[in-house]
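According to TrEMBL, the features are:
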- B:29-130: domain 'Fumarylacetoacetase N-terminal' (DOMAIN)
- B:137-433: domain 'Fumarylacetoacetase-like C-terminal' (DOMAIN)
- B:138, B:210, B:212, B:244: Ca(2+) binding site (BINDING)
- B:140, B:154, B:251, B:255, B:370: substrate binding site (BINDING)
- B:145: active site, proton acceptor (ACT_SITE)
- B:244, B:264, B:268: Mg(2+) binding site (BINDING)
């Protein structure tokens, strides 16, 4: 069964002219969801779908009664202040809304005048975290990242024996997740300087990024009822960009034996736009595990997962320093990679997370873990790119970086492209480091 | 400044006769909060306060307009389906409501007839998790537990060097937290049997308990704004009982390097009743750290914390097997200890959690970590009580246990008592192990 349908046809064009530009992230084949409102007012937030440089205001679409049937029910759910209700509806409802929007936005569509009245320019919009995130789980799905960082934290034991069997994950902090544009203070905390007799307290000195994707959960499962891998993707609404900011010095001192805590919980930034699994269907690729590696246990294995469980999403990290910003200089690209290198798929994450009976809920978020690729220039964290801070990155304009400095902004971008399919993108996920608070002298 | 006021007077008696029994958990000096409704109906859930064997229905109190001023605002907030709004109001509002309830429930109170109409017998009630728990954080505050369990997981390195400096904690799973009475299936998962070449998959074989207290957060803090330890307790609503069920075989295989995940996320059980910090004021004790230990860093230290930051809460764990239940036999007490042995206080948990700028929100829950005391019979987990499963516990009736078997129920109780103060209790926190699902054969 093909996962492709008329909404993926690369020949489709929209009457929204900007959606037909070759380099747009948001052609008619994409149709990602966000929560937005017009900037500078007191409008309530509601769901929107990106088309070119515009947003289809789903509250306006719902109020105007543009659609009927399952698409109307879906657009009512999407008109709320968070996308949880839409996420809970499930794949048939999402598909119905996607098809209705695709048909209404096509060149020559009869519904053009009614939908035109529902457009808001993206340039006039502000965004919010798109769901009430009940629980946030961060995985560790890049074997390259696990090996690179393991070598720094445990030189004699980089890749632990469980890695190729267990999709390692841990619970993250939901309250401090913000949307692109988030600025946060450099965290204060404890670290143990090399050779010191007691820990130091003060601003983090090794502030890092983690290039990740975020996976939003759709319908949940009842407590005690695992999700079979064959049905795992029915529980996935879509994918966004995610930066898991990390305080490496705090992490090294605190993480044993219960894992990272304050080194991560100060901020996590996600993109406003969630690209649905359906939009990503043309970019499915086989999930290839090296023949010499153990094959997944049965609960983590399925033919569909092997044949098309991975996604070829191109990823890029740009760094813009304060000096670059002042000089109106282009940011420096510090990493390029693809999600196809991940060792565990989205379906495997869902099947593993629920195998013990843990209940997922609509709006839950998974992080993929840092998506470092096989070579070091494909690494998704500064700690890898700079060999633990020993080899600074040279930046244009004579600057260099080991870890982040105050005023640095990091921008993650993601997109999919290949011959025979429409290019689709994720927009961007940007965050900025503010100076730390003064260290208290009490 | 004394933290005691007229509501703590041990001579107070209530016109609710059952509140004056010597052994009640809920005398007029306690007044803990829960979310409840009458069993077997379709009433909505709302806040209630325990008095003897009755519940003061706060939605009924609000509707009847019994109180005025700040107590009326607090009771309106407490009438909702979860306690988050009451938690957000803060200490002055909680105190006003406590004082108003204390006065109205006293023998001879003028308000008796109006309040009497708002009582629901506890025997007729069912409970729910009392707050929407945005984030759940589990700490590790017993040095005895950390040492005991560290010895089992890392014989040569039981207590890690960070333990006495860092109040170790990690993010837990909020969605699977249930209220007393919760029954859950034994989890399925991966483990690595000793000497095996590859992991096994199936029902957990080493299912354990963790005796903990839960701390509900009141008003939150803004992201980027740490809470000073001197004001930390203003952010704490109250304390409940908590059982952090743990699958030790799954935990041992999965926990490195990011900490426990599926070994904990299948279920966590809390008591319905939350005892406020104000009710616990008579049971504050000095927080004593051995002189040879490092003293806390300044952000974790205050005079008030040293003088009265610890709480002397007595704790007991009872085990009722299926056979005991069938024989209508009393459960076996397997552990007795006190929260006073914890190495880190509630105020230190709040100050540490927020020092990096992490934002707490009303209704967030902290677990204390397993509250094992200094001697092995005070250990709060079977893995400690049975020396890692090597020394079974003998139970009355000829049974024995290393880890939990299907049909076992575990009941945690907590109370405070001392001469010159009213005895107050936490009620109970009970959970039952159901058989695992069949292991899938795909």
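For all residues, glycine too, the Cβ spot is worked out from N, Cα and C.
Locations of recorded TrEMBL features on the structure.
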{"residue": "B:140", "record": "substrate binding site", "Cβ contacts under 8 Å, 6 or more apart": "B:146, B:167, B:168, B:169, B:170, B:369, B:370"}
{"residue": "B:154", "record": "substrate binding site", "Cβ contacts under 8 Å, 6 or more apart": "none"}
{"residue": "B:210", "record": "Ca(2+) binding site", "Cβ contacts under 8 Å, 6 or more apart": "B:243, B:244, B:245, B:246, B:369, B:370, B:380, B:381"}
{"residue": "B:212", "record": "Ca(2+) binding site", "Cβ contacts under 8 Å, 6 or more apart": "B:138, B:241, B:242, B:243, B:244, B:367, B:368, B:369, B:370, B:371, B:380"}
{"residue": "B:251", "record": "substrate binding site", "Cβ contacts under 8 Å, 6 or more apart": "B:260, B:263, B:264"}
{"residue": "B:255", "record": "substrate binding site", "Cβ contacts under 8 Å, 6 or more apart": "B:261, B:263"}
{"residue": "B:268", "record": "Mg(2+) binding site", "Cβ contacts under 8 Å, 6 or more apart": "B:136, B:172, B:173, B:176, B:177, B:178, B:242, B:243, B:244, B:245, B:367"}
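DSSP places the residues of the domain 'Fumarylacetoacetase N-terminal' (B:29-130) in helix, strand and coil in these numbers: 45 helix, 24 strand, 33 coil.
Using a CB-CB cutoff of under 8 Å against chain A, the recorded positions that qualify from B:140, B:145, B:210, B:251, B:255 are B:140, B:255.
There are 28 other CB atoms within 10 A of the CB of residue B:264 (Mg(2+) binding site), with all protein chains counted. Over all protein chains present, the Cβ of residue B:244 (Ca(2+) binding site) has 26 other Cβ atoms lying within 10 Å. When Cβ atoms from all protein chains are considered, those within 10 Å of residue B:138 (Ca(2+) binding site) total 28, not counting its own. Those same-chain residues not listed among B:138, B:210, B:212, B:244 yet with C-beta within 8 angstroms of the centroid of the Ca(2+) site C-beta atoms are B:172, B:211, B:242, B:243, B:246, B:264, B:268, B:367, B:368, B:369, B:370. Taken over all pairs of the listed substrate-binding residues (B:140, B:154, B:251, B:255, B:370), the Cα spread reaches a maximum of 18 Å, rounded to the nearest whole number. Note on residue B:145 (active site, proton acceptor): other Cβ atoms within 10 Å of its Cβ, all shown chains, come to 28. For the recorded Mg(2+) site, residues B:244, B:264, B:268 set the reference point as the centre of their Cβ atoms, and the other residues of that chain within 8 Å of it by Cβ are B:138, B:172, B:173, B:210, B:242, B:243, B:245, B:246, B:265, B:267, B:367. Per-residue pLDDT, averaged over the domain 'Fumarylacetoacetase N-terminal' (B:29-130), rounds to 97. Over all protein chains present, the Cβ of residue B:370 (substrate binding site) has 29 other Cβ atoms lying within 10 Å. In three-state terms derived from DSSP, residue B:255 (substrate binding site) belongs to neither a helical nor a strand segment and is classed as coil.
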